[in-house]
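Input: a single structure, listed below in structure tokens.
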Amino acid sequence: MFAPLLKKLFGSKNEREVKRMLKTVNIVNAFEEKMVALSDEQLRAKTAEFKERLAKGETLDQLLPEAFAVAREAGKRVMGMRHFDVQLIGGMTLHEGMIAEMRTGEGKTLVGTLAVYLNALSGKGVHVVTVNDYLARRDANWMRPLYEFLGLSVGIVSAFQPPEEKRAAYASDITYGTNNEFGFDYLRDNMAFSLEEKFQRELNFAVIDEVDSILIDEARTPLIISGQAEDSSKLYIEINRLIPRLTQHIEEVEGQVTQEGHFTIDEKSRQVELNEAGHQFIEEMLTQSGLLAEGESLYSSHNLGLLTHVYAGLRAHKLFHRNVEYIVQDGQVLLIDEHTGRTMPGRRLSEGLHQAIEAKENLNIQAESQTLASTTFQNYFRLYTKLSGMTGTADTEAFEFQSIYGLNVMVIPPNKPLARKDFNDLVYLTADEKYAAIIADIKESMTQGRPVLVGTATIETSEHMSNLLKQEGIEHKVLNAKYHEKEAEIIAQAGAPGALTIATNMAGRGTDILLGGNWEAEVAALENPSPEQIAQIKADWQKRHQQVIESGGLHVIASERHESRRIDNQLRGRSGRQGDPGSSRFYLSLEDSLMRIFASDRVKNFMKALGMQSGEAIEHRMVTNAIEKAQRKVEGRNFDIRKQLLEYDDVANEQRKVIYHMRNSLLAAENIGDTIAEFRQEVLDATINQHIPPQSLPEQWDVAGLEASLASDFAIKLPIQQWLDEDDHLYEETLREKLLKEITDAYNEKEDQAGIDALRTFEKQILLRVLDDLWKDHLSTMDHLRHGIHLRGYAQKNPKQEYKRESFTLFQELLESIKRDTIRVLSHVQVRREDPVEEEARLRREAEELASRMQFQHAPAPGLESEQLSEEGAEVAVAVAPVRNDQKLGRNEPCWCGSGKKFKHCHGQIE
């Protein structure tokens, strides 16, 4: 009630922050005259001076005014660009670990240099994160002269980079790269077998460009490093033949069935579900095709994998459409980012869905994969000591940035007031009427000599729009995922007089559309242009620039609303940069996805009440409000999904931190002999407790089982029963001491044979391999648990609490298995001395082989049998090799090794 009054009296929080920072801006400006008087050498020497002052105890905050003044003066001398006062506020916002929302064309890249320079002085490294390789290279090479003038080094990380080059890039003061590459390198570092193999230093400070795209849009897709699994292509092909025989079950809103069928589709949640008739029908078809045994249920535990394949096939056919969610290019299914319209090479959908789409499109089906390491952007970026970001659209997601990442959003005032006109939406009854109105608007704008940008949500819509324009004989350029390699060229001239560009949501994000076209791109296209040619090109551009401004600037037309207001705002933001004139208009129809699913009833009733006729449009603030309300509803649902994903991944993340800390400590340790000795005692105690329960009577002891377990775990045969028969003074405690001594003595003999140094090195290698293999299997188990945990809700249990409880139990079992399996392997192997050169060559071969099998994805992967611990050329010879029958052992059956334990408690743990 009093909030508007208080806001009027004291200003909003954002306004108060701007006022606070303006005081610092005045101090920076006061340094300007002094900086102008310095020579280049004196200005460059300021960097060394700042580092020295930091070492003596000054803070970055204390250095900020003078450091910003130095960076501003260097920008003038090197780049010919002086930071505006509002850009100084943007730099302070980034330094304070906040998100700076700045409109298109306000110079975000230049703003970043202020905070990056200041924080690079600490010597701990700064990461500048972009959405793609093109922007990373462009920005790094653009700003490199400025940083190098100030005595700072700049590196760029990219995929398929030689390791030495990548390490040098991370060792630089400032490192540019994509969010994917930073995340994957973090995972690779935690798979390294030595400290020298690691790439990243401590995660100190990151500036994320297009922060909303990375921390919001990408948050739902985990980063996965995976290895290939077994081939199931025949199964996908068989399932693909069956799916078209299923029909959709359709009910009207009142519950009246209009079409009997086998499955239902929920467009809001993008889910497809088999009904009872569908289950029976699919079981019959699977039985007939020989995929399901006679009388078997699809819901039997051993058939759940088959059920997953059926659902993958259903989703591939009914929810994923070519040229909307994916395209087919060079025999591969390339996913399309719904937020940017760009293809995502290398990304694959999880749970067999990608393979099901390949089967649907009659392509070569690639093998499934198993997760080797994974994380999410949410958890990766929260590892940085300080995080900040820049974007043109963040305020609509301010609550999520604050609640998930602890980042406040600061709206930076524009250097020049916005002159763009944003017209109300026009809503039509049908899509055909909408497209006719769009073409009429295009013709009118082009007649005026204005450039026009038409934004579409999908490739399908952009190509439909292109076909309509061809029929009208209107010249245009198309920019979508199919033609992304021409993106920079098309966007460069999208602001030329009368230019017409059709673009999916990507709309050349990160590249400004300059009114009149881009004269620098014209110069770059010439070979060795003369000064006269450059001057002529610039003069011609100036005329075109003025012509476009006088005609009204860039006109943005949107063919539909996106689910997110932020994406709509990004499209609008292509026009009206730096105070330029411009306009935007959204054209909608009741047949659009968003309107049909979320907003149609209210708007449809309103249109009926007005008695609208075909071809007429409604333009009313109430309609625009109804649509924005629908968008807020979708945004809220998507936020809940991201938050839920984070809550589940937080459980895995705590475990990930423990395992990675254990791994890093192991890599840093020179001698892990004491750790192995502790493992040995703990494993022995657990083994004894299993067969000789504490404080039990001798009659309850399972001596034969204990002898078998010791032979299995420690590769030692001890006559325990004979000892007990011969020595009346041998009771539980003294027996423990005797067993520990025998096992330790046996291991010490191995140490004498191999040499202490060789065995210590070998212990570290084995522990690393066991830890990695079991962690890999644990990730797969956690995936399966996560995907089925929602069913606990039917038993009146809280799925989240159940997941936490069961994952904790699984993690405890993992830690015990790491100890037991490490001791088992070390006890069974025979170690020989190896030539250091041979050893180094072997380790390099193994690392290269592992790297060649890796895939880098953004989707969880199903399980795979663990790789053998010993490889050809390794220095191990396993004394006991598993001998298996053709029939697979059940998890509760006695283990094949003769230990007397159940398979799941013995070799089943590592297989």
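Yeah, the Cβs are placed from backbone N, Cα and C, and that goes for glycine too.
Taking the Cβ of THR109 (ATP binding site) as reference, residues of its chain lying under 8 Å away and at least six apart in sequence are, in sequence order, ASP139, TRP142, MET143, ASP209. According to DSSP, THR109 (ATP binding site) sits within a helical segment. Marked as ATP binding site by Swiss-Prot on the basis of sequence analysis: GLN87, GLY105, GLU106, GLY107, LYS108, THR109, ASP512.
Annotation source Swiss-Prot lists compositional bias 'Basic and acidic residues' at 561-571.
Per Swiss-Prot, region 'Disordered' is recorded for 561-583. With DSSP classes pooled into helix, strand and coil, the tally for the region 'Disordered' (561-583) is 11 helix, 3 strand, 9 coil.
Swiss-Prot lists CYS895, CYS897, CYS906, HIS907 with the feature Zn(2+) binding site.
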Exercise. Using DSSP and three states only, what is ASP512 (ATP binding site)?
Worked result: coil
Seminar exercise, completed: Row GLN87 (ATP binding site), column other C-beta within 10 angstroms, all chains, value 27
Exercise. Can you list the residues of the same chain, besides GLN87, GLY105, GLU106, GLY107, LYS108, THR109, ASP512, whose Cβ falls within 8 Å of the ATP site's Cβ centroid?
Worked result: MET102, THR104, LEU110, VAL111
Exercise. For ATP, with binders GLN87, GLY105, GLU106, GLY107, LYS108, THR109, ASP512, what's the maximum Cα separation in whole Å?
Worked result: 17
For this session: Could you tell me which three-state DSSP class GLN87 (ATP binding site) falls into?
Result: helix
Exercise. Given the binding-site residues GLY105, GLY107, which one has the fewest other C-beta atoms within 10 angstroms of its C-beta?
Worked result: GLY107
Problem set entry | All-chain count of other Cβ atoms within 10 Å of LYS108 (ATP binding site) | 25
For this session: Please determine which of the binding-site residues listed here (GLU106, ASP512) has the lowest count of neighbouring CB atoms within 10 Å.
Result: ASP512
